[in-house]
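Comments concern the structure below.
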Amino acid sequence: NVCDGDACPDGVCRSGCTCDFNVAQRKDTCFYPQ
């Protein structure tokens, strides 16, 4: 998805994606819920 992996320091992602903590990258990133 277009927003997968986006940084979201403000907690906001583009449409359809959710901001959550990425353990591997140790930062908040956007992901598209499966």
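Cβ atoms here come from the backbone N, Cα and C positions, even for glycine.
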Partner cysteine of Cys19 (disulphide bond, per Swiss-Prot) from Cys3, Cys8: Cys8
Shortest C-alpha distance to Cys8 (disulfide bond) - which of the recorded positions Cys17, Cys30, Gln34: Cys30
For Cys19 (disulfide bond), nearby residues of its own chain (Cβ under 8 Å, 6 or more apart in sequence): Cys8, Gly11, Val12, Cys13, Asp28, Thr29, Cys30
